[in-house]
Amino acid sequence: MMQHTSVWYRRSVSPFVLVASVAVFLTATANLTFFDKISQTYPIADNLGFVLTIAVVLFGAMLLITTLLSSYRYVLKPVLILLLIMGAVTSYFTDTYGTVYDTTMLQNALQTDQAETKDLLNAAFIMRIIGLGVLPSLLVAFVKVDYPTWGKGLMRRLGLIVASLALILLPVVAFSSHYASFFRVHKPLRSYVNPIMPIYSVGKLASIEYKKASAPKDTIYHAKDAVQATKPDMRKPRLVVFVVGETARADHVSFNGYERDTFPQLAKIDGVTNFSNVTSCGTSTAYSVPCMFSYLGADEYDVDTAKYQENVLDTLDRLGVSILWRDNNSDSKGVMDKLPKAQFADYKSATNNAICNTNPYNECRDVGMLVGLDDFVAANNGKDMLIMLHQMGNHGPAYFKRYDEKFAKFTPVCEGNELAKCEHQSLINAYDNALLATDDFIAQSIQWLQTHSNAYDVSMLYVSDHGESLGENGVYLHGMPNAFAPKEQRSVPAFFWTDKQTGITPMATDTVLTHDAITPTLLKLFDVTADKVKDRTAFIR
């Protein structure tokens, strides 16, 4: 019996059988969400034949990719193991949160810090990686491969490539009308294919980064003509706080008709204007934040070249406005890169943030960014000042960590990161409690500004960088490509407040606005004009 087991264990397999086996495994285990989306779009009862051909085409594509990537004997096993691990990791986040892997999502992943990564890890993730990644990889690693001679190997490899192409092309030809509609109307469904989509996006991102590295690094100016009509020596200096929000969605704002009072403190402050129809530039922090300060607008904006483009903060700094960015999130996403480092401060640790020990998770709170702002004002006495406060806000999936106990108004709450396993209302409760903390932070920001209203014309602008999915259609978090992102990820709250003495008039609450309105708003607040955005709608008149 022992001898029989030993012989079985060392039984050799053809490299082509091994490649085909991995392709079958990845097709079946890494694409559950893809097939679920397919069955929703094409009900199996009416489209069984077509749905089966999609499975065949996907297997053909998987077989082609694995064959091409592992064509050399010394890379065969490493490549197959890498594909198995990649399939396990990417499919977990796709199946759990609805994540798709375009270049923007990959950039987000690369910029995720240790705390954010920890929020995403759990027992289910580890079990998925072991079951669908590690164990199959061990089988690949230890199986004996019987490599043919070079000539036979080449012919068989070519045969496998031809077979792969046949598996792809024949069903497409046989169901040409179906596939014409599939590729034209339902193009976003392809984004759920793992690990093919991540592989494609990695290649695309590498190409983008190479072009960026070889491109000229000179700043492209968009507002050389910018002029400030009045200076602080001609009027009261202006003090503006811009709260860059995180992951807040407009339909959970009480001002917009939400049944819960999620912004009770703002509702008590005179002069707050809520904007109910604002669309974000993108669905991720890495994409949206640079866009919020860009001159290009969402239609022209390119996240890959944004750091080499003049933004509105560069302009205001050049004109003499004192700029400060405090960050309790990740960083400024390149917005502050061209300004002196002293104008940026990291408030995600107790080094700068004085309010980090009010919760069991030792998370630094957004309100800590308000501590010590009086010192900045004193150091820039009599000057125009713009202060950016970049929130942690409602960053998921651990919404329950984003607020102190005093904001736990809605209970019970989801206290885990496997959101689909939480009772849905408990997930909503945790998210809404985090909004209460944001309400408090904005209110305190306004109250701080009011203490300086005698010496300065004071104003506050709040806009969230993007929204959030909370389980609608099985999608969680954010980061979907704009082409098919749900409205929950792009419809964001925005508020404006100004002291009555400033004479500034906000736009109507139902004005249709986007992140494109931020740059002209910041310019107007400091009496600056620039031709590039002179016709762009702002949050103020």
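Cβ coordinates come from backbone N, Cα and C, glycine included.
Note that the structure is a prediction, hence the values are computed from the model and not measured.
Feature annotation from Swiss-Prot assigns topological domain 'Cytoplasmic' to 1-14, 69-73, 144-157; the stated evidence is a curator's inference. Annotation comment: Swiss-Prot describes 15-35, 48-68, 74-94, 123-143, 158-178 as transmembrane segment. Feature annotation from Swiss-Prot assigns topological domain 'Periplasmic' to 36-47, 95-122, 179-541; the stated evidence is a curator's inference. Here Swiss-Prot flags E246, T285, D465, H466 as Zn(2+) binding site, drawing on experimental evidence. Annotation comment: Swiss-Prot describes C281-C291, C356-C364, C414-C422 as disulfide bond, evidence class experimental evidence. Per Swiss-Prot, phosphothreonine is recorded for T285.
Feature map: Swiss-Prot annotations on the structure.
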residue : record              : Cβ contacts under 8 Å, 6 or more apart
E246    : Zn(2+) binding site : T285, N329, H390, Q391, M392, G393, N394, H395, S464, D465
C281    : disulfide bond      : Y287, S288, C291, M292, A298, Y301, T514, H515, D516
C356    : disulfide bond      : S349, A350, N362, E363, C364, R365, G368
C414    : disulfide bond      : Y399, F400, C422, E423, S426, L427, N429, A430
H466    : Zn(2+) binding site : T247, S280, G282, T283, S284, T285, S288, H478, Q489, R490, V492
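If one looks beyond the transmembrane segment (15-35) by at least 6 residues along the same chain, the residues whose Cβ comes under 8 Å of a Cβ in the stretch are 55, 58-59, 62-63, 65-67, 70, 73, 76, 80, 83-84, 87-88, 90-91, 94-95, 98, 132, 136, 140, 143, 145-148, 153, 156-157, 160, 189, 192-195, 474. According to its DSSP assignment, C291 (disulfide bond) is helical. The transmembrane segment (158-178) makes no contact with the transmembrane segment (74-94): fewer than 3 of their CB pairs lie within 8 A, with pairs spaced 6 or more apart in sequence. Within 8 A of the CB centroid of the Zn(2+) site residues E246, T285, D465, H466, the other residues of that chain are V244, G245, T247, S280, S284, S288, V289, N329, G393, S464, H478.
Broken down with DSSP, the topological domain 'Periplasmic' (95-122) shows 18 helix, 0 strand, 10 coil. Using a Cβ-Cβ cut-off under 8 Å and counting only residues 6 or more beyond its ends in the same chain, the topological domain 'Periplasmic' (95-122) has close neighbours at 32-33, 191-192, 194, 197-198, 201-202, 204-205, 208, 282-287, 303, 330-331, 333, 348, 363, 395-398, 401, 416-420, 469, 473-477, 479-481. Residues 15, 19, 79-80, 83, 145, 147, 153, 157 of the same chain sit 6 or more residues outside the topological domain 'Cytoplasmic' (69-73) yet have a Cβ under 8 Å from a Cβ within it. C291 (disulfide bond): 26 other CB atoms within 10 A of its CB, across all protein chains. In the structure shown, across all protein chains, C364 is the one of the disulfide-bonded residues C364, C422 with the greatest number of other Cβ atoms within 10 Å. Residue density at T285 (Zn(2+) binding site): 24 other Cβ atoms are found within 10 A of its Cβ, drawing on all protein chains shown.
Sorting each residue of the topological domain 'Cytoplasmic' (144-157) by its DSSP state yields 8 helix, 2 strand, 4 coil.
Reduced to three states, the DSSP call for C356 (disulfide bond) is coil. Secondary structure at T285 (Zn(2+) binding site), taken from DSSP and collapsed to helix, strand or coil, is helix.
All chains included, 29 other C-beta atoms sit within 10 angstroms of the C-beta of D465 (Zn(2+) binding site). Residues 10-16, 18, 67, 71, 73, 76-77 of the same chain sit 6 or more residues outside the topological domain 'Cytoplasmic' (144-157) yet have a Cβ under 8 Å from a Cβ within it. Per DSSP, the topological domain 'Periplasmic' (36-47) is made up of 10 helix, 0 strand, 2 coil.
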